Amino acid sequence: MSETAVSTGMNPDVDVKPPKQDSGRMKRIIKNRAIYMMILPGFLYFLIFKYIPMSGLVIAFQDYQAFLGVMNSPWVGFKHFERLFTEPMFFTILSNTLILFMMNLLFYFPVPIILALMLNEVRREVFKRFIQTMVYIPHFMSWVIIVSISFVMLSMDRGIINELLAMMGFEKINFLMSSDWFRPMYVLQVIWREAGWGTIIYLAAMAAIDPGLYEASRIDGASRFRQIWHITLPSIRSVIVVLLILKIGDVLELGFEHVYLLLNSMNREVAEIFDTYVYTAGLRQGQFSFSTAVGFFKSIIGLIMVMLANWLAKKAGEEGIY
Amino acid sequence: MVHDKTIPSRIFDIVNYTLLLIIGLVTILPFLHVIAGSFTTVAELAQKRFVLFPTEWSLDAYRYIFSTNTIFKSLGVSVGVTFFGTMFSMLLTCLMAYGLSRKDLDGRNFIMFMVVFTMLFSGGMIPTFLVVKELGMIDTYAALIVPTAINAFNLIIMRNFFQNLPEGLEESAKIDGAGDWGILFRIVIPLSMPAIATISLFYAVTYWNTYMQAILYLNDGAKWPVQVILRQIVILASGLTADTSSMEDFVRPPEQTVKMAVIVVATLPILCVYPFLQKHFAKGALLGSIKG
């Protein structure tokens, strides 16, 4: 194993000083054999279900045939990547991804911050906990449930929203089959499911603020808004920055399940993202190599974005995420 | 904090409390609407539109969905997958987390790096699918459990928890002649019950909500968990998605009340454990944010 230097440097020898470093390490390994046995199942899990698939990415450079296997399928170099970048669908997918990401950033990201600020101003603990109990609920529901409830409420056939529209004299809107309504619907569902849960980390940061600051500002005659602006917000600045950067790192992670559930033939042109495209092209149409290339491209961009975001965080004087 | 009793501050509080109450209600109204709607008759729902408390109670919708055994079966699958999945995941996670919490272990940093790297980069959907297929797991319940057995995030939370236990405990147990397995099962695990409860709930909710694994790995409709059936009945039945595979039991588009009843059935278990979830999950989410 290649970590020799790291591990021997890290661990002070608690046992009898060994004559040579290596025999001491051997002894320790033998002494810890039970510990290795404990790690083994988990280690195998990561090997089989995480690292073998990573090596399976080589089929992006092959014309993979199931009956030939990874070993014998012919190599084709960058053929599938060339196809990806010349496919008109590629730009649709890329722009869909970026637009959904921007909408998330603009309309979802501030919501938990505002909600946390509001909750933080509540002094009655019972009331605060009551509200928290309500807004956390959707987070535990699967996307299937969230989307199903939305469908029941938005459907043309006696959905409550359309009934209300009709009652107020408007025309019914076919939200579910409309390419115009897909994006607002997507973002609203993200807000509904995650905004409450998203407050937790901000509330924790706010709980650490010294109450003396508020006392002092109150004596100086600061209003509640000024307190929020000059005390609470600056105190959670670093948390906001870190979460923002994490979000940027996740630019391509828009949630396969969520989008896939909303996707239909009428909104495909605005709703198709990398994950849904990989699923359709790969598992539905059996283009294993091409869809692996698409997924590979996505993973690489994701990795670069995470590293870039982390570097930015450190640049901004914040602690990195790893 | 001493209360600020000036008039602008009072007004601020009133507005703030009112807005929060509205936000809270808006969040849960859809659930209440669906629950109430599922217990009423088709006629009442059509007539009153927004029902929060049914005047005409009816179990028709439930009778209808339980008239075939599709829902029963899928609930059974979900319960089984949740139970065995959580056990399996906890076993693997605890063993590995405890191992990795031992500071005197050679190779520890290497294995930790290996775990963390999977959070940043993955082989993706298709290569993972091919591995699952090679292992002969397609159309088996194992496919819903084994390929997602360990969540790297949960593993790190557990490891951090174990690492923060007082070291003297292990030392004194060793002096008393306990082996590593004994220390783990007789000392470390009993002392870590709060963390174990939290992570078990994390896993249980994930398994109950499992959907993607099922559509990736199970072609056989008889093996589908309740989430997939829910999608078939509510989302596909509206004739929306291009793919309308195997929906033998519900040919006619189901009534709103029926859809609502299926949603309630798929949601209920989570609402039942929710009080526990809330307490533990908030803690867990914070544990996770303090990464080690």
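Each residue, glycine too, has its Cβ placed from N, Cα and C.
Copied over from TrEMBL, here are the features:
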COMPBIAS  A:1-10  compositional bias 'Polar residues'
DOMAIN    A:94-309  domain 'ABC transmembrane type-1'
REGION    A:1-22  region 'Disordered'
TRANSMEM  A:34-52  transmembrane segment
TRANSMEM  A:98-119  transmembrane segment
TRANSMEM  A:140-161  transmembrane segment
TRANSMEM  A:195-216  transmembrane segment
TRANSMEM  A:293-313  transmembrane segment
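When Cβ distances are compared across the two stretches, the transmembrane segment (A:195-216) makes no contact with the transmembrane segment (A:34-52), since fewer than 3 pairs at least 6 residues apart fall below 8 angstroms. Taking Cβ pairs closer than 8 Å, the transmembrane segment (A:98-119) reaches residues 128, 131-132, 135, 183, 186-187, 190-191, 194-199, 202-203, 206, 228, 232-233, 236, 240, 243-244, 247-248, 251-252, 254, 259, 270, 273 in its own chain, all 6 or more past its ends. Residues of the same chain lying 6 or more positions beyond the ends of the transmembrane segment (A:293-313) and with a Cβ under 8 Å from any Cβ of it are 57, 60-61, 80-81, 83-84, 241-242, 245-246, 248-253, 274-275, 277-278, 281-282, 319-322.
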